[in-house]
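Swiss-Prot annotations:
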type	residues	note
ACT_SITE	113	active site, proton acceptor
DOMAIN	119-358	domain 'Radical SAM core'
DISULFID	126-363	disulfide bond
BINDING	133, 137, 140	[4Fe-4S] cluster binding site
BINDING	187, 188, 219, 241, 242, 243, 320	S-adenosyl-L-methionine binding site
ACT_SITE	363	active site, S-methylcysteine intermediate
């Protein structure tokens, strides 16, 4: 039975008054289309308003309701009282000689880093999912910051929104539009699934950023139970940060391996790609090259054996230096030899180009500009 019109209006007014009294406006950046449908219905508006406002936010990078020309004056005034479109502010910008840009974004007294990497045929945005990281990978600068907290969905989305807005505003500089997004910044994405999934839904939504699922990559150190859950929630490309050919080495450089070993990670990943359309039947394996740690000829053959039943492609990553750790990157000859062995055995392999190393924006170097505040751990020697 439908409620009388007068009663319906009273309920809507009560809801709006509640927003006004608490003086807590809802930040709609980072809200999925479904969440916005519910919101507009609750305040007595048609659900298509959700699609309109998403177009303004994610296609035109508008954060001011008063500029949304297809909203009536009454609706604008109504929304101004109950919503906000907040995004993170920039603390600093660094531009590399190779065109890579690193933005440090401020979150209260903390910050996160986001990296824009232009290439010939595409431009990739590397975003963060946490402030710091709890996994303590020995070769990664973020782990030396320690873990602060998960980013919420608006903070994840804000990185993309900000980067796309800058590129749009600087069109005279001919910056390439972002074509790919990788969750390879600060933090372990799969330990923040609650906020990651809504953010990815917005990235994929045609009323959001509208990117293809094959252009979104989640990189994980290997949280096996969450990989199993992921396929039921979202379908995007998955990359496993393996970085070792056996559990003995991986236990030393990636302590999470003591909980989720290589076998369990690869089995979970194999199951994920079996139902994923985004991955085209192959999982990406990331392998950082550490001198005398995991780069010997015997390690290449161990890796081949480890992956013999896993449809995959391997990305060899030269290690990028940061303070307090005495690792060294494998030299070119070692990396090239490792590469040739993998190729010879039929494994699709690439060597990642080092980008943004001069501004500490390369793989493994992101630390949120807090490296000087870190409790300096013992130097790692092997």
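Heads up, the Cβ atoms here are built off N, Cα and C, so glycines get one too.
Between the CA atoms of residue 188 (S-adenosyl-L-methionine binding site) and residue 133 ([4Fe-4S] cluster binding site) there is a gap of 6 Å, rounded to the nearest whole number.
Relative to residue 133 ([4Fe-4S] cluster binding site), the recorded positions 113, 126, 243, 320 all have Cα atoms farther than 10 Å away. Proximity note: of the listed recorded positions (113, 140, 187, 219, 243), 140 have a CA within 10 Å of the CA of residue 363 (disulfide bond), given in sequence order.
Taking each of the binding-site residues 219, 241, 320 in turn and counting other Cβ atoms within 10 Å of its Cβ gives the largest count for 241.
The DSSP secondary structure for residue 187 (S-adenosyl-L-methionine binding site) is coil.
Distance noted between the C-alpha atoms of residue 126 (disulfide bond) and residue 242 (S-adenosyl-L-methionine binding site) is 19 Å. Rounded to a whole number, the C-alpha distance linking residue 320 (S-adenosyl-L-methionine binding site) with residue 140 ([4Fe-4S] cluster binding site) is 9 angstrom. Restricting the average to the domain 'Radical SAM core' (119-358) gives a pLDDT of 95. When every Cα pair among 187, 188, 219, 241, 242, 243, 320 is compared, the largest distance found for this S-adenosyl-L-methionine site is 19 Å. According to its DSSP assignment, residue 363 (disulfide bond) is coil.
When the alpha carbons of residue 137 ([4Fe-4S] cluster binding site) and residue 219 (S-adenosyl-L-methionine binding site) are compared, the span between them is 14 angstrom.
Between the CA atoms of the residue listed as 'active site, proton acceptor' and residue 140 ([4Fe-4S] cluster binding site) there is a gap of 14 Å. In this structure, the C-alpha atom of residue 241 (S-adenosyl-L-methionine binding site) lies 12 angstrom from that of residue 140 ([4Fe-4S] cluster binding site).
Listed in sequence order, the residues of the same chain lying 6 or more apart from residue 243 (S-adenosyl-L-methionine binding site) and placing their CB within less than 8 Å of its CB are 137, 139, 250, 253, 254, 286, 287, 288, 294. For the pair formed by residue 187 (S-adenosyl-L-methionine binding site) and residue 140 ([4Fe-4S] cluster binding site), distance between Cα atoms is given as 10 Å, rounded to the nearest Å.
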